[in-house]
Every structure is written in C-alpha cells, then in structure tokens.
Amino acid sequence: MPPKRAAASKRKLEEDSESEVDAATSKFASDASDSDAPSTSKPKAKKAKTTKAPKAAKPKPAKAAKPINDQPTNKTLPDEIQFPAKNEGCVRIATWNICGLAAAQKKGFKHYMEAEDADVLILTETKVNNDPVDPMLTNRYPHRYWSISDKKTYSGTAILSKIKPLSVDYTLPGHPDPKSIKGRIVTLEFESLYLIGTYVVNAGTGLKTLDAKNEWNKHFTTYIRDLDRKKPVIWGGDLNVAPTEIDLANPKTNWNKTPGYTEAETRAFAEILTPPEKEGAKPMIDTWRKMHPETRHYTYFSYRFNCREKGLGWRLDTCKFFIFVIWHSLILISLFLLVVGILLWWNMR
DNA sequence: TCTTTTAGATG
DNA sequence: CTGTATGCG
DNA sequence: CATCTAAAAGACCGCATACAG
C-alpha cells in the first residue's frame, strides 16, 4: 500500500488514529466507510525540545535534516487535508483518538475538523477536565457529550453531533467498578440506531492491566448485545485491539506480549463481532475490513522509534456495526455504492 | 521498537 | 519560568 | 572456562501534571 495516507495525528497519543464512517439515508441508516487524514510531512527535525533527564548524558546523534519521504509526522497535521465529498443524504461518522485536545488543537485539529466535516465525531483520549466551550467546537456541533475521567487529564471520550440524540448514557451497565469506566464510553440513542463511542481499556505495559481490560470486555459484550436487541448499533472509537495479524506490522513478535494483540483481547473482540452460535446474537461487521479485506492499513503509530516513518503501525481505531434482518438489503446496496465510491476516490489520489 | 545486558545452556 | 520527575500509553 | 543464544532490561517519544528552585 502506498505510503500516502496516514491517520491524522495522535493516536493514543502515542499515536493518532482516526477513522470514519458514512451512514446512508437521512436518518442514520447503514453502511460505512473509513478513511484517514492525508499526509505530507514536515521535515523539521526539531530535536532540542524535550528537556530530557540529565542522566549519563548520551551522545545524541544529532540526527540531521530528516528523511524526506511523504510520511506525516506525529507532531503536526498536514497543511492541506482533503476527504471525499459527502453523499447527499448520508450521515458521516468519524472517530479520532486525539491524545489530548489541547495538544491536538496546537497541531491543527481545526483543519482536520473542517476538512472532514463529520456529522458525528467521536473523540477519544481527550484528556479534558471540563466540558470544552470553544466556539470552534460548539458552532459546528450543537450537541456535545463529554465523558470525563475522575483521574485528572486521563482518558476521556466525547461524541460531538450535529444531530440531536434522543438520549445519552455514560455508563457501562453491570461493571463492578463504575468509576474506572468514566471517560471511556458514550452511548447516543437516535431514532433508528444506537451509536457507541469508546476508549477501550489499554492492557498496559507488561499487560499489567489486562485483567481490567478483560472485565471491560466482559461487560461491554453483554451491553452491546442488549442494545442490539432494541435497535441497530454502530460502535466506534479507540478499540485498543488489533483484530487479526494483518492489523499490525509485526504480529509475530507482539503476540501475547504487547497490549492490543493478545489471545484474550483478540478473542474477546472476535466474539463481539461474531457471537458464538449458542448465544444466538447477530454478527457485527468490521466496516473498514469488509471493504478492504486484505489491505494493511494502520490508524496508530507509536511516538517512539520513528514508527510512523517506518510504517510500523497498528489498526486500532475504527467503526463497526450490527446487521439486522430488516436492514439487510439496504445495507448491501449502500455498502456496494460506498465501496465503489471509495475505490474510485482511492485510485484517483 | 530496538539495542544492550544478563542469564543460561552447551561442550 | 526552568528544570526535574512521575504516570500513562 | 569459552562461546553462542535466548530472555530480560533499558532507552525510547510525547502529553500532561506536580513540585523545587
């Protein structure tokens, strides 16, 4: 895959990521697509910025100039960002882990927001401590729902919408430690569907919080299936899991070692998408993967080790949705149209 | 993620 | 305001 | 004891905070 595109900036802050979905029909119907912000890099080698611990003072290779390739950096957004035009009557849903709203705004969050002009925007790792009142956000999105963690400047999930939801929920029902869930989930109920935005628990360095993540997965699975019995569900955000081996650059060396790609995490995720027979629940569709069955495309690049330039990334952020019998034909049709549109757009770039 | 250090197996 | 340190990812 | 190798340990980037001077 051509090096041309990459997610906007920040991902889990370690990175950035972003994905987008268009829902067809005026009321939030179906179908989706995903895309990322374009790139263009800034060859700026700004090195003397971090005040690093003194320590044994290491030589520091003075990395000069900087390789000029067309990869973006994690420190700034491209100056020019373009997205496919929105289809008339479609609702565009996008998600982006911004790793700090304040930092993202300094990097050019506004340019992304204007270029994408999503109708519904899911933001994760906002790290805000109060509901932002910036006109830049409030003018475009009259309806804003911020889930804020108890822990200062930690996690944080928000959904900004041009469409007024019927109801809003910030909880994960059944979870034994509700405080730990604050800042991680926002559910909006619309007339025809539910939209869930999540910043899923990170399994932690050395997998030290894998237990907490398993707890989340257990209750989230129940929750999403309960909602599914009532209305179609679209789920997006930082899902903090690389679903399969083609969703990260180095599957072998990371398997069961690095958070986001362990047996427990991938299995839990797979069971959300494809419930075991006995449960009788309906499957979900990984929309981006559905449209690009074999493409290796990542939404996150670690800040460390110049992973972005090297293309060493993970696909952790995306949107999924449930299929319902009633919606079946509509989804197939709109999905087909969307795929055609995306392919055309992709090839023309 | 990548490099260096340490521990451990082998002969 | 600068520097150092910690937590988190 | 010398040598190879596999596992463990650091260092690594960046955001945000707290605190010392």
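Sequential numbering from 1, following the chain as shown.
Cβ coordinates come from backbone N, Cα and C, glycine included.
Please treat TrEMBL annotations as automatic predictions, because they have not gone through curation.
Note that the structure is a prediction, hence the values are computed from the model and not measured.
Features as listed in TrEMBL:
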COMPBIAS  A:22-42  compositional bias 'Low complexity'
COMPBIAS  A:43-63  compositional bias 'Basic residues'
DOMAIN    A:94-317  domain 'Endonuclease/exonuclease/phosphatase'
BINDING   A:Asn97, A:Glu125, A:Asp238, A:Asn240  Mg(2+) binding site
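Mean model confidence for the domain 'Endonuclease/exonuclease/phosphatase' (A:94-317) is a pLDDT of 91. Sorting the binding-site residues A:Glu125, A:Asp238 by the number of other Cβ atoms within 10 Å puts A:Asp238 first.
In this structure, the binding-site residues under consideration are A:Asn97, A:Asn240, and the one with the smallest number of other Cβ atoms within 10 Å of its Cβ is A:Asn240. In this structure, A:Asn240 (Mg(2+) binding site) belongs to neither helix nor strand by DSSP; it is coil.
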